[in-house]
Amino acid sequence: MQSPIQAYLDGLHAQLARMQGGEVANYIPELTKADPSWFSICLVTMDGAVYSTGDSAQKFTIQSISKPFVYATALADRGVKFVAGKVGVEPSGDAFNSISLDPKTGAPLNPMINAGAIATASLVAGATPEAQWQRIVDSMGTFVGRDLDIDEDVYRSESDTGFRNRAIAWMLKNFGIIDGEPMASLENYFRQCSILVDCRDLAFMAATLANGGVHPLTGRRALPLEHVERVLSVMATCGMYDFAGSWVYEVGMPAKSGVGGGIIAVLPGRFGIGVFSPPLDPKGNSVRGIEVCRHLSRDFDLHVFSRAGDPSMALGRIYTADQAPSKRQPSPQMRRYLNDNAHRIKYLCLHGFLAVDGIEYVIRRMIEMAADSSSFILDMHQVDGISESAARLLNDARLRFAGENIAVVFSRIHRRHAIKHFLSTTSPKNDRGYLSFEDNDLAVEWCENHLLGDLAMPTPDPIALVDCPLLRGLPPELLAQVDKAATVQCYRQDESILTTGQAGDGRVFFIADGHVSILVPLKNGAHQRITTLGPGMSFGEMALLGQTTRSATVVADGEVRCWVLEANDIDRLARDAPTLRIVLLENISRDMAEKLRRATQWIAALA
Ligand code: DON
């Protein structure tokens, strides 16, 4: 099944691919060769799942997106204090190539503008410029998760025409920001900008930062954790240069753009995003890239000042209906089928506030299990709430699964209107709405019926009293006497047959037609169904053990016909035939053992 997240990205790509406007960078001649129609989007999760669309394999030069990663490397190599003495962390509000230096110290205002980046390229570890270059390309490779190369043509093209940057480098030397040979550092800067990446690489670089400095797939640490927030802070305030204010206001994600057409955006602890499309706006940012991030932020509630959490915490226990079947007494044929297939019904216990990242994780796990599933029960008992975007994705997934005859139902939403509201208002027009059950027992019974199909509604064969399991093993002449002593009682739908706490009157009931639910009262006034009984089953038999009050309420689920045996009739018959009581007690014990086994199953599953 296609993930709704993938479907959303495909749709967004199709919508924005039609966008015109912007110009491919031309001040570095080689960059003019880029195709303005190139366009890709990639999103990577904290456990390395990749969603990508468009020209995601198209390579391009990383340009300024390299800057936060070289800054990170300088922090790791030289420490915060030393680097802070060379490069500030203040937004300049100027263009990326402005010569924004501190008037007193000559230090560049921040590491995202060219001046700051050229300075940080000189700060990474290495006794020689060659060693420093190796350090830069190795460090970048750890963020990407593979070895990197540069585009020699772009490098040569920029080195031959980068006069403004040469002037900046000499000024940095003049102010003692660059200690060594400034042109060597500048060449390393040109090389870092010429590193070849694709959109997936960008998303993994962003995801590594989002993941506390650890690459989600390789597991290698690219940056000590204590520096991650420093890099993200500078990206948030300076990453988009003189568009930084609008960016934080409208998109709200630490980001970095490059004149090659790339943009990365980072959602700490949630996602890494990469976008690529060469046409740039006058500030040097990808026109389509900006729009993609605006949409993602709005549609997925990704603004960094909105809620966040560990996505996998959205999903707690997963167990199956063969561990926790419904409490009804299925027919032997149904039981045989359920014994072999109930594992295809999955319970997923959801937790906390469900945002897009959490729901993405839940949906992905459901997709992974889909091949061996007929239905999913989303237990909402411990869910605090759900964002509109997450509810929309969940409804989308529910309909997609329905298209594959996999049911997604909810249980235990109870009266939480905020959850019901978003699940209802984000249901697509053509949707009949979601199914929600008060408790898991009702939910799993529905799912069993969904699994059983025609088997679920067997037309129960007529059962004679003498064939009821509770009377199994009685000799024929005794059965005939019991049959004669029994009376017939009929009940209407929802009629209470027995009530919890009611004085025991010694009657034992055998169901001839219809179904009854056995209920126990809950503190909140509701009732929990313990089981459903059908033809041939009996209830009230505890009266035979001298029970004084009824332990449960029994309600007719529809029209019900019962045979009723009075305890004193049974006593009378047993006086002449002690076998009767022995056989009854043996059958009751066997039935109780089965009920105890099923109860133990449930308790184990819920433990
Ligand atoms: O130094 C330059 O001008 C380029 N190598 C990088 C500039 C850049 O990517 C600006 N970001 N939007």
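Glycine is no exception: its Cβ is also placed from the backbone N, Cα and C atoms.
The substrate binding site feature in TrEMBL is assigned to Ser64, Asn114, Glu158, Asn165, Tyr189, Tyr241, Val259. Its Cβ placed at the centre, Tyr241 (substrate binding site) has 24 other Cβ atoms within 10 Å.
Positions annotated as domain 'Cyclic nucleotide-binding' by TrEMBL: 470-591.
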Taking ligand 1 as the reference and 6 angstroms as the Cβ limit (strictly under), which binding-site residues among Ser64, Asn114, Tyr189, Tyr241, Val259 are close?
Ser64, Asn114, Val259
Cβ-based isolation winner (fewest other Cβ atoms within 10 Å) among the binding-site residues Ser64, Asn114, Asn165:
Asn165
Let me know the DSSP-derived helix, strand or coil state of Val259 (substrate binding site), please.
coil
Among Glu158, Tyr189, Val259, all listed as binding-site residues, which has the most CB atoms within 10 Å of its CB?
Tyr189
Suppose you look only at the domain 'Cyclic nucleotide-binding' (470-591); what would the mean pLDDT be?
86
